[in-house]
Amino acid sequence: MSRARISNYRKGVAAVALSAALAGAFVVTGPLGALNEARAEAVHVTPPQQAGFADLVEKVRPAVVSVRVKKDVQETSNRGPQFFGPPGFDQLPDGHPLKRFFRDFGMEPRGDSRSDNRRGKANKPRPGHERPVAQGSGFVISEDGYVVTNNHVVSDGDAYTVVLDDGTELDAKLIGADPRTDLAVLKINAPKRKFVYVAFGDDNKVRVGDWVVAVGNPFGLGGTVTSGIVSARGRDIGAGPYDDFIQIDAAVNKGNSGGPAFDLSGEVIGINTAIFSPSGGSVGIAFAIPSSTAKQVVDQLIKKGSVERGWIGVQIQPVTKDIAASLGLAEEKGAIVASPQDDGPAAKAGIKAGDVITAVNGETVQDPRDLARKVANIAPGEKAALTVWRKNKAEEINVTIAAMPNDKGKSGSQSNDNDGGQGETLDSYGLTVVPSEDGKGVVVTDVDPDSDAADRGIRSGDVIVSVNNQTVKTAGDINKAITAAEKSGRKAVLLQLQSNDQSRFVALPINQE
């Protein structure tokens, strides 16, 4: 082979080898190859385009205020710890969900007798002065400075200060308060100033699971923002006759009381009022007054300084399964009238004990609280059509609504003592009864502790005045009413009882052998 050919051959082999080497760089296997491949295919996640709450908070926070309350304390002596709490605080049971929340407002001990004695100050009079008794939250609802807060924040005060988001402190006066819904309205004393304000939204459109943003003054830290969701609707926590709270899981703590809960449109859907907490801090269970309730109350407070509600004057109780069965009702809805108040609107219209109010102006009544809310929302002087269930049929009764009295005293107790005679036993119910001395009903003298009657709260001294709306005067009358109910296919009988001037209904199941 000639030298020229050998040279060309070598060049060709070299070129092939180089090409193979270069190709091998792209097909390397093993750890190095895996590393290169991983780097080439690194995962990249595009973050979701969520606006968050910053824009909302920026707009609404200037309208949220802190509320400071002071009380004019008259000259006193230092006689150990003294406490100042909202009216009725001492009557709240220890387990009440509001008691721990209220304790933050004014429940601070003033003075210490032992330390004062050591300093030689015991029993020395102190001049009158203003002392802080509460702090909470609120929000401005008008350009001229009307502020909504809770009644329990302001109820024990004489002087009020509103602190704006920028730290400005302004005096305010109390326009009106409504203890029944725990709402109050203040007016900032700054006639030349225009305030940023927020509007009430429609809480009826709020669904469980919707976002909610709370802004307030927890522990004195004004302008604090938390978020969560609506956990439940229509909560009754025993705080008042019109409980209809929205439950939220946004962090709400001491000092948030009276602050707003916003929807994502920046409208107020609730007023934060209470928390449930074994520890005193937020555990994700807070309660807000619905905006629909607040708007009605606030409008009246601004216009009149008080709230006027409709009232029909009835003592009512829930319709239980047994009561529904005893009356032939298909559903456990409505409110059974235990006793109409003498000369009250309901009594004048013909409402009787034992009637079940099932609707108001065509709207179904779910339970006693629903009835109370519906009637309260009707202006005094107007007429309302009440649908009542009486003697196995529905009928409509028109009632003229009256204004609710401010305070109704408790009825005096009435003794049901009976010295008398041989009682008759209703074996099927474990009751022993004797005729009442006044001829109105029969008095229970003994109750079998293992009976259905005992389980349903019937006690010695109770007076049975009717069975299935039939007046009874003897044990025989009771047995006749029970027999009639059994023949008609009823599964229970309805007893009307009186005790301490209070009337109530109890349903007892019919023992069918």
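Cβ coordinates come from backbone N, Cα and C, glycine included.
Database features (Swiss-Prot):
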type: SIGNAL; residues: 1-25; note: signal peptide
type: COMPBIAS; residues: 101-119; note: compositional bias 'Basic and acidic residues'
type: REGION; residues: 125-299; note: region 'Serine protease'
type: ACT_SITE; residues: HIS152; note: active site, charge relay system
type: ACT_SITE; residues: ASP182; note: active site, charge relay system
type: BINDING; residues: GLY255, ASN256, SER257, ILE312, GLY313, VAL314, GLN315, ILE316; note: substrate binding site
type: ACT_SITE; residues: SER257; note: active site, charge relay system
type: DOMAIN; residues: 300-391; note: domain 'PDZ 1'
type: DOMAIN; residues: 414-500; note: domain 'PDZ 2'
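Features recorded in Swiss-Prot, as mapped to the structure shown.
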residue : record                 : Cβ contacts under 8 Å, 6 or more apart
ASN256  : substrate binding site : GLY136, SER137, ALA214, GLY216, ASN217, PRO218, THR224, ASN272, ILE275, ALA286
ILE312  : substrate binding site : GLY344, PRO345, ALA346, ILE351, VAL375, ALA384, LEU386, VAL399, ILE401, ALA402
GLY313  : substrate binding site : PRO340, GLN341, GLY344, PRO345, ALA346, ALA347, ALA402
VAL314  : substrate binding site : VAL337, ALA338, SER339, PRO340, GLN341, GLY344, ALA346, ILE351, ILE357
GLN315  : substrate binding site : VAL337, ALA338, SER339, PRO340, GLN341, GLN502, SER503
ILE316  : substrate binding site : ALA335, ILE336, VAL337, ALA338, ILE357, PRO368, LEU371, ALA372
| Looking at the recorded positions ASP182, GLY255, SER257, which has the shortest Cα distance to HIS152 (active site, charge relay system)? | ASP182
| query | What's the CA-CA gap between SER257 (substrate binding site) and ASP182 (active site, charge relay system) in angstrom, rounded? | reply | 10
| Expressed to the nearest Å, what is the distance separating GLY255 (substrate binding site) and ASP182 (active site, charge relay system) at their Cα atoms? | 15
| request: Averaged across the domain 'PDZ 2' (414-500), what pLDDT does the model get? Just tell me the whole number, please. | output: 78
| Taking the recorded positions one at a time (HIS152, ASP182, GLY255, SER257), which has its Cβ surrounded by the most other Cβ atoms within 10 Å? | SER257
| field | Site diameter for substrate, Å, by largest Cα distance between GLY255, ASN256, SER257, ILE312, GLY313, VAL314, GLN315, ILE316 | value | 37
| Taking DSSP states H, G and I as helix and E and B as strand, how many residues of the domain 'PDZ 1' (300-391) are helix, strand and coil? | 26 helix, 28 strand, 38 coil
| message | Is it possible to list how many residues within the domain 'PDZ 2' (414-500) are helical, extended or coil according to DSSP? | response | 20 helix, 29 strand, 38 coil
